[in-house]
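Everything below concerns the one structure shown next.
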Amino acid sequence: MWKEKVQEYEGQIIDDLKGLLSIESVRDDSKASDETPVGPGPRQALDYMYEIAQRDGFSTHDVDHIAGRIEAGKGDDVLGVLCHVDVVPAGDGWDSDPFNPVVTDDAIIARGTLDDKGPTIAAYYAVKILNDMKVDWKKRIHIIIGTDEESDWKCTERYFQTEEMPTLGFAPDAEFPAIHGEKGITTFDLVQNSTSEDQDEPDYELISFESGQRYNMVPDHAQARVFVKENMTDVVQHFEHYLDQHKLQGESVVDSGELVLTLEGKAVHGMDPSLGVNAGLYLLDFISTLNLNQTAREFVDFSNRYLHESHFGEKMGMKFHTDVMGDVTTNVGIISYDNKQGGRFGINLRYPQKFEFEEAIQRFTKEIKAYGFDLELGKVQQPHFVDKNDPFVQKLVKAYRNQTGDMSEPYTIGGGTYARNLDKGVAFGAMFEDSEDLMHQKNEYITKKQLFNATSIYLEAIYSLCVEG
C-alpha cells in the first residue's frame with residue numbers, strides 16, 4: 001500500500017529534492033549576521049523548506065533564521081522529525097558539480113543527497129502524503145529543521161531554548177532499522193603554547209601548514225610550505241619516495257623560493273577515521289624526517305607521538321571499548337601551523353558509555369604540557385541511549401521490516417544525530433545495509449530506490465505512531 005502511494009509522488013519528490021540540493025548550504029561564518037546566523041546558504045535552504053511546506057498547506061514557524069519547524073497533525077503529544085539542511089564542504093575530486101544535482105536513471109548525485117537533504121525530503125513527503133490522504137491524526141508532528149548540524153548545533157540549541165520539546169521523535173540521518181544509541185562526542189584543540197629558539201641554524205624551516213576544514217571529517221588534502229637552505233632536489237626525491245612507499249598521491253613545486261608540498265588522502269566521516277586516509281598526518285610524518293627549526297620539530301614530533309596512525313585513542317592513552325557501543329575514536333580533522341604562532345590540531349573524540357571522559361581529558365591535558373601544548377575543550381555531548389525494546393523503537397522497526405522483509409536488529413553508532421536532543425529519540429534511516437556510504441565524501445549520491453523506499457518506511461512508521469496512536 002505505502003509503496004504504491006509513494007509511486008504517485010516520485011516526480012515531485014525528485015523535483016523538490018533537486019531544488020534543495022542546488023543550494024550550497026555550507027556554514028560560512030565570514031558572512032554570518034542576524035539574518036544569516038551561520039551564513040546565507042543554510043538560511044536559504046531553511047527558507048526553501050518553508051516555501052514547499054507553505055505551498056502544500058502546512059504552517060511553519062521560524063526561530064531566529066537558524067532553525068524552525070513545519071507543523072502537521074493534531075493532539076496532545078508531539079512526534080518530532082529532526083532534520084538538517086546544512087552540508088559539509090564539497091571538497092575536491094567530484095565528477096560533477098556537487099551543487100548542480102545530476103539525476104540518472106537510478107540515482108541523484110550531489111552534496112547532501114545522503115546527509116541529510118535526501119532523507120529530509122523523504123520524511124517531509126511521508127507527512128505530506130498522509131496529510132493529502134486526510135488521515136485522522138492522533139498526534140501533532142513537528143518537522144524540525146536545523147542549519148548547523150555539521151558544526152556546533154547552534155540551531156537546535158537555540159530552538160529548544162524556547163520551543164516545545166517533542167514527546168518522542170526520530171532523526172532521518174543515519175541507518176535503518178534504527179539507531180538506539182550514539183556515542184558521546186566532543187571537539188578539542190591541542191594548541192602549541194610557545195615558540196622555541198633554534199640553537200643551530202636548521203636545514204629546513206616549516207613556514208606554514210594547512211589541512212582540513214571540519215573536526216568531523218578526515219582531511220583529504222594537506223599543504224606545507226618549507227624553506228629549504230640547500231639540496232632542494234634531495235628533498236623532492238625523498239618526498240616522492242615517501243609517497244610511493246605509502247601508496248599516496250602528492251606533488252612538490254617551488255614557489256617564491258619555498259618548497260610547497262601537497263598530499264592527497266581520503267575523506268570520510270570522522271566517526272570512523274580508520275576508513276579514511278588523513279592527508280595532514282601523513283604529510284607531517286614526512287616532514288618529521290627533515291632537520292627542522294625547533295618549533296616545527298616539536299609540532300611534528302607531537303603529531304607522531306600522539307596522533308598519527310592512532311584512530312582509537314591508543315597514543316593518547318584513551319583506548320576503550322564496550323560491546324554495546326564499540327571503541328573510542330579520535331579524528332584529527334583540522335591541522336594548522338605558521339612559523340610565528342606555532343601549530344594546533346583540531347580533534348573530534350567519540351566515546352561509548354562508561355568511558356571516564358573527564359578523567360581522561362584531565363590526565364591528557366596535564367601530560368601534554370610537558371611538550372608545550374595546551375588542550376582547549378569545546379562542546380561536550382554525552383552518550384545517548386534508548387532501550388531497543390521500547391514500544392516506540394519497536395514500532396519504527398516493525399515499519400522497516402514490513403516494508404523490506406529484513407529482520408535486522410537496532411544497533412548503536414559512533415555518529416551523532418539530532419535524536420540525542422530528545423529523551424526518547426532515535427535515528428531512523430535513511431541508509432540501508434546495501435547503501436554505499438559516501439557521506440562527507442566526493443560523488444555523494446542516493447539511489448532512487450533508496451529514496452522512495454525510505455519514504456514508504458517513514459509513511460508506515462508515522463501512520464503507526466500518529467494515526468493509529
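Here the Cβ of each residue, glycine as well, is placed from N, Cα and C on the backbone.
Here Swiss-Prot flags D86 as active site, drawing on similarity to another entry. Per Swiss-Prot, the feature active site, proton acceptor maps to E149. According to Swiss-Prot, the feature Zn(2+) 2 binding site maps to H84, D115, D173, an assignment based on similarity to another entry. Residues annotated as Zn(2+) 1 binding site in Swiss-Prot: D115, E150, H440.
Location within the structure of each feature annotated in Swiss-Prot.
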| residue | record | DSSP class |
| --- | --- | --- |
| H84 | Zn(2+) 2 binding site | strand |
| D115 | Zn(2+) 2 binding site | coil |
| E149 | active site, proton acceptor | coil |
| D173 | Zn(2+) 2 binding site | coil |
| H440 | Zn(2+) 1 binding site | coil |
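Same-chain residues at least 6 positions away in sequence with a Cβ under 8 Å from that of H440 (Zn(2+) 1 binding site) are, in sequence order, V88, D115, N216, M217, A267, V268, H269, G270. Neighbour list (D173 (Zn(2+) 2 binding site), Cβ cut-off 8 Å, at least 6 residues apart, same chain): L82, C83, H84, D115, D116, P119, E149, T417, Y418, A419, A427. Here the C-alpha separation of D86 (active site) and E150 (Zn(2+) 1 binding site) works out to 7 Å.
Fewest other C-beta atoms within 10 Å: among the recorded positions D86, D115, E149, E150, that description fits E150. Other residues of the chain with a Cβ within 8 Å of the Cβ centroid of H84, D115, D173, the Zn(2+) 2 site, are C83, D116, K117, P119, T120, E149, E150, A171, P172, T417, Y418.
Every protein chain considered, the tally of other Cβ atoms within 10 Å of the Cβ of H84 (Zn(2+) 2 binding site) stands at 31.
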